Amino acid sequence: MCGILAVLGCVDNSQAKRARIIELSRRLRHRGPDWSGIHCHDDCYLAHQRLAIVDPTSGDQPLYNEDKTVIVTVNGEIYNHKELRQKLSSHQFRTGSDCEVIAHLYEEYGEEFVNMLDGMFAFILLDTRDKSFIAARDAIGITPLYLGWGHDGSTWFASEMKALSDDCERFMSFPPGHIYSSKQGGLRRWYNPTWFSENVPSTPYDPIVLRETFERAVVKRMMTDVPFGVLLSGGLDSSLVASVVNRYLAESEAARQWGSQLHTFCIGLKGSPDLKAAKEVADYLGTRHHELYFTVQEGIDALEEVIYHIETYDVTTIRASTPMFLMSRKIKALGVKMVLSGEGSDEIFGGYLYFHKAPNKKEFHEETCRKIKALHLYDCLRANKSTAAWGVEARVPFLDKEFIDVAMSMDPESKMIRRDLGRIEKWVLRNAFDDEKNPYLPKHILYRQKEQFSDGVGYSWIDALKDHADKQVDATMLAASFIYPENTPTTKEGYLYRTIFEKFFPKNAARATVPGGPSVACSTAKAVEWDAAWSKNLDPSGRAALGVHEASYEHVVDTKLDKPKNGPISKVHS
């Protein structure tokens, strides 16, 4: 991941303004510590902080077309750049960067080229010939981007809110799958897949097509000129990513540069479920496994820094981001700059435990659509910013455009949890990789129940956060609705995170970038209606799926002002 900042249409183009933009760009240097660049054209500035993954020696940014009339600053990876270069054979390329194709595609196709890109990206492109510009964000919002407006009428874009929040009164999260055009005067959607309408599809489930599409998604994300690895929690999704990488690594270009033994990484409190499961998978695959630990106190001590980096006050995101943030620091210390991760599978296949209560396939499918559309506010934000805080890039093969199209076009009846048929959550994915002759994973790992990352690193992590918040937040919580009238926190933990967030990002526009509403076990507000009991237990932990999770709460958690009264963890079989 890189850090990008663009300011277009400034009234002031003095040296002081240039210095200010360089200063703001430095706030993104954690995302790209390898090099800095800036291009100024009249009243327009494009700045870049580079994390060098592909072509680290010559791919510095901003990037240009042949005569430097088109300038582009990009954060992301374009996995099909070699195929696109073949379509641009009349163009002269200056670097081996995968992102350089963007400038030349614009020359060739105008603004309508974005759908040709296969990858994760956010970019701003300036055409100096008419001083027009465009900005775009990838289909799902894997790569962060913010849009703001300065007091002087200038338009701002930045990878993270912290680079523009001080200088813009109005700003927002740039919507995924959209393009902003100065010529056409605003945002329009470029990503329009069939599933976006939320109409129930009818394509029969084909396990071979699903498996082969996912393997292609993984392989294309092994494009790298630097050392890489896989984040391995021991759950289904990360284990499948690791297994597929392991199968194809020996014949890849990456292996010729860095060797054919895969590095895997896991973090947790000592004795946590993830550590045990991840080691078992790593031993089975024969990876070079790195088991990393953190203590509850180390996690609590990091909370302020985590919230500053991930730029949210959402409770479940902060719970999961903290161990990921700590793990990323240790990964970078080992010399690794890129990792593959398993985000997105639960949204696509209904893997969260609350999907057990989906009343029918229509509501099941509609909920998966809602979850995918919101990923940029939750898991994508967490995976990107937690790793980018230490100059590590996370790639997510489950969010490959082709794979999503295949998975979301199948009849959702096949995704439904059917205990009478022996089908648990994500059965279609498990079954697709259940190969008796050439197994990808041991059976009991392939069919292991879902653990949310914040649960899997150790159940005591969440309980400790609640205890910490209970000690930190006093009776001022009673005035929460007056202090924070928008998205009012309903728990002491939520109140604590909100106060930290507001310290760094005090403007109304900042707090409006964070979603709200009731949730149980990561559900949307709509899905809370599936079970009347859930409205009394609005906790984002997977354990809150009462009667579903094998280690659910014995007693309902009091989510209001008092200290959480959850009893001891016990097995509850439904």
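A Cβ is built for glycine as well, from the same backbone N, Cα and C atoms used for every other residue.
TrEMBL annotations: computationally assigned, not manually curated.
According to TrEMBL, the features are:
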type: DOMAIN; residues: 2-185; note: domain 'Glutamine amidotransferase type-2'
type: ACT_SITE; residues: CYS2; note: active site, for GATase activity
type: BINDING; residues: ASP98; note: L-glutamine binding site
type: BINDING; residues: LEU231, ILE267, SER341, GLY342; note: ATP binding site
type: SITE; residues: GLU343; note: site 'Important for beta-aspartyl-AMP intermediate formation'
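Location within the structure of each feature annotated in TrEMBL.
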residue	record	contacts (Cβ under 8 Å, 6+ apart)
CYS2	active site, for GATase activity	ARG31, GLY32, HIS48, GLN49, ARG50, LEU51, GLN61, VAL74, ASN75, GLY76, SER159
ASP98	L-glutamine binding site	VAL54, ASP55, GLU77, ILE78, TYR79, HIS81, GLY119, MET223
LEU231	ATP binding site	SER238, THR264, PHE265, CYS266, MET324, MET327, VAL339, LEU340, SER341, GLY342, ALA394
ILE267	ATP binding site	ASP274, LEU292, TYR293, PHE294, PRO323, MET324, LEU326, MET327, LYS330, VAL457
GLU343	site 'Important for beta-aspartyl-AMP intermediate formation'	ASP237, LEU375, ASP379, CYS380, ARG382, ALA383, ALA394, VAL396, PHE398, LEU399
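Cβ neighbours within 10 Å of SER341 (ATP binding site), excluding its own Cβ and spanning all shown chains: 25. Mean per-residue pLDDT, taken over the domain 'Glutamine amidotransferase type-2' (2-185), amounts to 96. Every protein chain shown contributes to the tally, and the Cβ of GLY342 (ATP binding site) ends up with 24 other Cβ atoms within 10 Å.
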